[in-house]
Amino acid sequence: HRDTQETLAVLDRLDLDTDKPSEEELARKFGFEDDYFSGNLSWWQKTKPKLWSLFDEPYSSQAAKVIGVISVFFICVSILSFCLKTHPDMRVPVIENVTVQTAENTTVWTLDKKATNAHEAFFYIECVCNTWFTFEILIRLIASPNKFMFLKASVNMIDFIATLSFYVDILLQKFASHLENADILEFFSIIRIMRLFKLTRHSSGLKILIQTFRASAKELTLLVFFLVLGIVIFASLVYYAERIQANPHNDFNSIPLGLWWALVTMTTVGYGDMAPKTYVGMFVGALCALAGVLTIALPVPVIVSNFAMYYSHTQARAKLPKKRRRVLPVEHVRVGPVVSPPKRGGGPNDMNRGPGPKMGNDAPNSTTNGTSKGSDRPSNKITGF
């Protein structure tokens, strides 16, 4: 029961409700319930919860669903544009004139491809997408109930950094394009791909998945620890095993190279770029593969059970009325005063009982079976336990 209460409390924090919140709940959430009950709500106090529900709670109304669809559309277009602009067919070569010295000691002009840039259309697509992202995050920041908690959320931090990286990229292209290592700075634009985590606001399944990893942090840490332990052991073993016999095509020239092979083998990936050639090395490789299967298979059922637990609770909770979804406090076991049982007269164990009121044979109008003389009706006196 206590485990279930903890699970329901976690689901409450995840905010998986798809029902429209009432005006009283919104007023309590934004901290002006006193003005709501007194009827003194200002224009901004009435508009702020509506803006928040419109941009942050996709299931609160039909308009919020439309805003959510638009947001998901721009996220998908931005990710697709980010991936397609790296394709060779989508890039435009940068041509420059170069002076070349010929064999006849003459100079001629020729065209040389210096570099390739993404097509100009991708820039305008990103401008449109980031304009929407900037507008959306500003509205959500202004209308948020708690701005500190809003900025502290990991998804909002990713959104801020991804949007800021676009404007920083524009400034670098304008003022730092002449630098030799300016292309390296474009690597930081990879943060834009993290916008996929914004889809957690539109999918309860992603929220449950992230919460599953949080709840399974100990199991994941244990899994990584076992893998690291096995990788170091088998990398060392295969390094020395390949040196026992004559092996002109030895792939394991050092233990650090063996670490990569042990990682690939224990995770059952098996790229085949490195493989043992000797019989002793093959035996070590077989042990490494078996140990990897067992190491990964042991903690995984715990993670799967955590996901199944959260998912089943979410499905059951969604079928309940919203007023019955609250988490009740756990009641503690009440311990009453200890009452010693009264003694019965005529028993053989009377000498072992503690002092107490005399009953049974000492009562003038009662018998040993608890009924009064001259009447078949049971007596009200307690005769024993």
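Each Cβ is built from the backbone N, Cα and C atoms, and glycine gets one as well.
TrEMBL lists 363-373 with the feature compositional bias 'Polar residues'.
The feature domain 'Ion transport' is assigned by TrEMBL to 66-315. When pLDDT values are averaged over the domain 'Ion transport' (66-315), the model yields 84.
The region 'Disordered' annotation in TrEMBL covers 331-385.
Note on the transmembrane segment (63-84): residues 53-55, 57, 90, 122, 125-126, 128-130, 132-133, 136, 189, 192-193, 195-196, 198-199, 201-202 of its chain, located 6 or more positions outside it, place their CB under 8 angstroms from a CB of the stretch. Annotation comment: TrEMBL describes 63-84 (among others) as transmembrane segment.
As annotated by TrEMBL, transmembrane segment applies to 121-143 (among others).
Note on the transmembrane segment (220-240): residues 213, 252, 254-256, 258-259, 261-263, 265-267, 276, 281, 284-285, 287-288, 291-292, 295-296, 298-300, 303 of its chain, located 6 or more positions outside it, place their CB under 8 angstroms from a CB of the stretch. According to TrEMBL, the feature transmembrane segment maps to 220-240 (among others).
Sequence annotations record features per position, and here TrEMBL assigns transmembrane segment to 252-271 (among others). If one looks beyond the transmembrane segment (252-271) by at least 6 residues along the same chain, the residues whose Cβ comes under 8 Å of a Cβ in the stretch are 227, 230-232, 234-236, 238-239, 242, 281, 285, 288-289, 291-293, 295-296.
Sequence-distant contacts of the transmembrane segment (283-311) (same chain, six or more residues past either end, CB-CB distance under 8 Å): 7, 10-11, 205, 208-209, 211-213, 215-216, 219-220, 222-223, 226-227, 230, 234, 237-238, 241, 262, 265-268, 275-276. According to TrEMBL, the transmembrane segment annotation covers 283-311 (among others).
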